[in-house]
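Features as listed in TrEMBL:
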- A:6-26: transmembrane segment (TRANSMEM)
- A:33-54: transmembrane segment (TRANSMEM)
- A:74-96: transmembrane segment (TRANSMEM)
- A:103-125: transmembrane segment (TRANSMEM)
- A:160-178: transmembrane segment (TRANSMEM)
- A:208-227: transmembrane segment (TRANSMEM)
- A:233-252: transmembrane segment (TRANSMEM)
- A:259-282: transmembrane segment (TRANSMEM)
- A:288-307: transmembrane segment (TRANSMEM)
Amino acid sequence: MSVLQEIIPSAFLFAAPLIFTALGGVLSERSGIINIGLEGLMVMGAFVGIVVNLELAPFMMENFGSTGKLLTPWISILVAAIVSALFASLHAIATVTFRADQVVTGVAINFLALGVGLFLIKQIYGKGQTDMVDAPLNSTDIPLLSDIPFIGPIFFEGTYYTNWLAVILAFVVWYVIFKTPFGLRLRSVGEHPIAADTVGINVNKMRYIAVMLSGFFGGIGGSVFALTFAQNFSHGTISGQGFIALAAVVFGKWHPLGALGAAIFFGVAQSLSVIGSGIPLLENIPSVYLQIAPYVLTILALVGLVGRAESPKALGTPFIKGSR
Amino acid sequence: MKKRNFLVTLFLSFTLILAACGTSDEGNADGDSGEEKNCEPSDDAINVAMVTDVGGVDDKSFNQSAWEGLQAYGEEYCLEEDEHYDYAQSTQDADYEPNLNRLTGQDYELVYGIGYKLTEAIEKVAGQNPDTNYALVDEVASEMDNLTSITFKEHQGSFLVGVAAALKTESNQVGFVGGVDSPLINKFEVGFEAGVKSIDPSIEVDVRYAESFDDAGKGRQIANSMYNSGVDIIYHAAGGAGNGVFSEAKDIKTNDPESYVWVIGVDRDQYDEGTVTVDGTDYNVTFTSMVKRVDIAVQDVAERMMEGDFPGGENIEYGLSDEGVSVADTNEEAYTEEIATAVSEWEQKIIDGELDIPSTHDELEEFLNNL
């Protein structure tokens, strides 16, 4: 009980940014665009989230008091998501309109985001990293739900609203992808764009939307990570979380709920590796095994040992109208 | 096809341009190079320069501290920035060697490499340029007449913050979060544990490593687990991962301003990182910090070279006695007079040589057996 109470909140906290970002990855890849740039989108989200928070907090606190302080991180996250969506449109322009190699542009997005972020931090603040924000996301007990016996303390006490937003969004994305006409179109351009084109779906438009949505979600993920963990922006704020999210996309078999599960699994694995020394069963396992477990499983999933991971058929191939 | 290549090239060159912007010297933030000076540069002053590691010159940590040391040196001998002293910023590991070579080519007589990451690059460049002197900060380089190594007795400073932590803890449990399990970070760990145990051997020290200097998420999970298990003071030596320790402590404080949680900072005074405002009242979770005075060391080596006493091939260790390491007392409310007095008593013992602080696990064992 107490062990669960320790592991789950910490795992969940770590997983939340991964869930957001992985959802973005799912959307983009379902439409047929590989998105190696998730890391860069998170960096952009973290950068914008922190800067907006730093700039906005004094104003909000002055005018709206403690409510303003509570609102500030949410506004920061929203702005970060929008800016990252615009930033991701670069990836869309390159890969959809100009049919550039999707992996190469994705890598470029990663470099570009960090370069732009650090460069602007330097221009704005005259130093290599920002100060810590005054209005980060803080944990709270969710009213009513935290009073439920057993489940309450584990899931709803000292938790973050962003955690639950991530879970809810995973279900929303699942619904959108699998239960709506929009989702059907999105999947069809990722599976067989030529067929989709012949029935009148605008393939390029769908892909643009999907990639920009991945930027939106990646931006949320990055800013949530920065506002809960690092609380400032520097070259190392986002250090590989985007790639872990990418692994979650693959491990979750390009399914929103799969990605949700994978991200939580990664969180649990990491949380166990941190806390494991205190748990009787695990204390004899070197923590490095727990740390590498998610990645080993991802590789196994890719080579088909843990169920078959099948990517969207047209993933990575640009659509050329009229070709067959 | 052509279009696509063009675009990719455009993208990559854009990143390159931005990266290049980062390295160019944007002038020093103080902007004092423009103002007139009413003194003449000393004749025997030497031209010094430094190469940062990827942290950058304003990393609020040892790169920045080193640059402040050079600026202080420049001020003291009335030197001009860019002419007599300068820095080159590295944005990736591949920049170290070109940066060292460039500064060597610009006739700087002494070039510093800041950070253990530059070890290989500086050894190579020093081997190729026997007429220029080099100094490596934070790591011991191989022996060469024109290369000196500057290291710090972090274990001494860590011992003192350990003493302070032992006096401050109420739960008799303290924690240590390290970046990467390596000989350098072990010095922090071992010194801290020795300090804690010197006050009260029954205090438990929970030692964990984040295995990363960047991952604040990991740092926070560790801190969360430690505070949950009853630890009330955490000493971190984990760079950016340590931010996670601060955010966890601040979150606890935000939810319950009465809670008794503290963080001990590292490398520089991390008082600012610890501020948290709850309902209009300011709190600070930074109890104290173990400060490494890279600036003092950098200035000292430059001055020794001026006097013709460049310690080539040596490893100079800066400790408490030459103010190379110290304990911050900014948070006066938490770091009480009583604690300060006790710490300075122990400090005196170390300076007087009455006490040898362990710096490795083996030495720690011996130290604890002799308590």
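Cβ from N, Cα, C; glycine included.
Unlike curated records, TrEMBL annotations are generated automatically.
Segment contact holds for the transmembrane segment (A:208-227) and the transmembrane segment (A:6-26), given three or more CB pairs below 8 angstroms at sequence separation of 6 or more.
In this chain, the transmembrane segment (A:160-178) lies in contact with the transmembrane segment (A:6-26); the count of Cβ pairs under 8 Å, excluding pairs fewer than 6 apart in sequence, is at least 3.
Using a Cβ-Cβ cut-off under 8 Å and counting only residues 6 or more beyond its ends in the same chain, the transmembrane segment (A:160-178) has close neighbours at 12-13, 15-17, 19-20, 23, 26-27, 30, 77, 137-140, 142, 186-187, 217, 224, 228, 255-257, 259-260.
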